[in-house]
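Right, one structure below, let's go through it.
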């Protein structure tokens, strides 16, 4: 067997193989591993002159093995792998050097068997009363006589339980029947089971006796319900009516089965009747089975500097918002849904909200309100978003809401009521009661240590959702591995929008063979958007952190979900949105002696001190697991380990044979997410319940607004075929590898007919542990006219770059379609066709002009390098279709409260909330060539995008800053993202070089608290920047930005490859600007209020944003003059055009 061979390492990763060979350090050291690209193939890795050479070993049709060695060497075939290895110990066999020293496998420490429950099985075959009395044992049970004799009989067990229950309120005949069954009849049923008859006839007799009246009532009721069902049904096929008649007339069927039929019939009748009634009255709401009652909010608003009370009544079903001076006042003043243009949330005051509404003469009016608290504001916003979605008139949604829940049930049945879980009620970031009745479009529920059967649990969940929403949700998918389960439910109206549903599971228990630990996953397409969900239960024990990390990598590599065409990519890159939930079992890494201190901190809600020692947060920060995954800030108490039936006491000690084991209170149960760059995703809640106490874990919930796409329908003239291609140019990769090989790039996307391979790259430098590769586009793809590369500029000018660019021809060349697409990039080796790193680029980043990108490369959860390049899309002349999720923005209006509430003043440009998406995905950063046209979507991501060297490692991963307000949305969208304006030390943070402000860091000088620039990510100025005009500063929220990422000069790229051991690309938060009056902070330079004459600032086209303009877009509006901004105005034009409405 291969496992006995010292040189065979199984399915280790390529990078692990390189590390093992590097440790060996001798030329001729070798090992074999499984191929990552071809199933059933192997990879022979050989060390020579401190470089690793990889050769594929492929089987032919006869399963004979051969090595892909140097050209000109005769191919030899071997039946067995050991024979092949033995032959290549000889010299001149086509390898870089002959095999000499086998690198042996590292011995893994033996795992301690942890307690686990076996997979669901048939009920145990208990012994009968007579056997128990006589002391006989059945050898077929596999237990010894002593164990058998000490076991109480099944009759005695149940009699004892019955004696502890008060049954005095039961009918006398029922009491006698139950007692008689457990005294003797249960033993007779056990005998029947032992003899091969599992029907339990005595139990059936007992239930028929107890349900005698119920059975007769069902027999009388069921035919009536079936008649009602027939009336509501479509014309039936022949035979169906007779089948149902037989069903109701068959008295031999069990009571439980007939009750189930009654229940299903009643639900079906209710649904069909509602549908028929709604259709008869012409009601066609987006969620017509979910009738949300009107909700009234008490708010304050300023009039002439005096605070007044007002009531806002939201009628979601009617599509109106009423403005009332008293709670029971007249409802004569209201705005219809299509007149409410935008909601702008204040970042400084988390209970303030601005409504932008349309008044007469196509003007807008701002209404500034202050709610009682942040939760009320969020509830109001969710109701208005729901109203917008319901009455949008769009045939397909472009935004849906998703509930994600995880619960370790502790092998105990759930309580009768679990609705608080699905309503996001409890601790942490929770939903307001006013929004708790809003149904989500998709519910994803993950459980661990689940004792229920699959069908029973699904019906329990559907029943709870039906109680909340009055909707009978449809089951989309379910997957179970032992007691780990994931269930996906969706609204009935979405059922036909799901496709390509896949399920899979991975075992990570002892020796990766037991399913007590592992993961289950579900993936699907919702219209044209891909989703993946993973529910995992990782190894337990505070000291087994490394084993949990290994569990994560195994799940990442072997969970088979999503598009099979994306074979080079693991689940990290296969989905637009990936959610990872479950009992991850990462603990608070403190000594056991700190247990009482931990409990005290929890009571005082000092969570940040404990989260700083959370193993998952620390492992993420060290980039060992969950690279670039996002998690909403944790503001709830640890969810493990409670005493059951209470949430007031943690049971952190457990007595075991080996001594006392400590399970310190920890956040074991988590929900993380990862989305493609610039994809819209907003977390609305993240917390745990207080009232579900049957387990030692509390259920955790998280809800999200998620952007989706559907089949694209062009607004352009179909007779004119859109022309154009996606141009990718000047790509340079720095790879962390010791492999000696050549590389090429594969481009994958749903907008391409098939994947595209680049020409082979040129290896320019090979330093210790890294290699730099430049990819040119001189061998064009889909290019009609090839031109010689004659540019002598270093680096080449933009015009010449476009001429030699690699061109990808999309299926649809409409620019609006392309803006929603992404390009997946995989760098592969030519020798073994294995991936050396994957990443993703959003085409929306190149919306307005040529844009440079910089993305981190990841393979199997490890950071493997960096890729820079440029991208350009076909020009767009038309206006983009607005998205529903653009309805809510995040920003600040410094002038709020200073003027009249109804003033038609323009919302200051400082209201421009940090408008980009998915800030931490893969470290993708963008820089537009035309900085004057650069919009927010081209700003580099703050969390992980490469900067000019301003790095702050503690700010790299997730939403872990203790300064963050618990109700700031963690927004990732093409248009909206929140920022954290305060640094961890409480000081006003330093600002990065922002193209909208010019080089701020250069003018301020080097600050002591900023680390020196990282040489790997420094890009020198080039010709592309020579003719760039100085940017025009305007008051705005200073969002997370980065230094301008320039194309690399040869000196810069040389430095980049010299020491890429540290790839921690980090962010530095930036403080929002103050009021329009130009008030400046103590530690920053003043920001000019007005634009400089003759230097208009143009923003890239984007969906209308009423935070910037008081006029509605209209076909009657005068055309903009050349050089005049389209979507915004400078301050001078604001002063001229803004006038108060009467």
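Here, residue 1 is simply the first one shown, and the rest follow in order.
Note: Cβ is positioned from N, Cα and C throughout, glycine not excepted.
Automatic prediction, not curation, is the source of TrEMBL annotations.
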In TrEMBL, one of 58-81, 130-153, 154-177, 178-201 is tagged region 'Disordered'. Which stretch would that be?
130-153
Annotated region 'Disordered' segment (source TrEMBL; candidates 84-103, 104-123, 204-223, 224-243):
104-123
Using DSSP, break the domain 'SH2' (7-103) down into helix, strand and coil residues and give each count.
18 helix, 29 strand, 50 coil
How does the model score the domain 'SH2' (7-103) in terms of mean pLDDT?
92
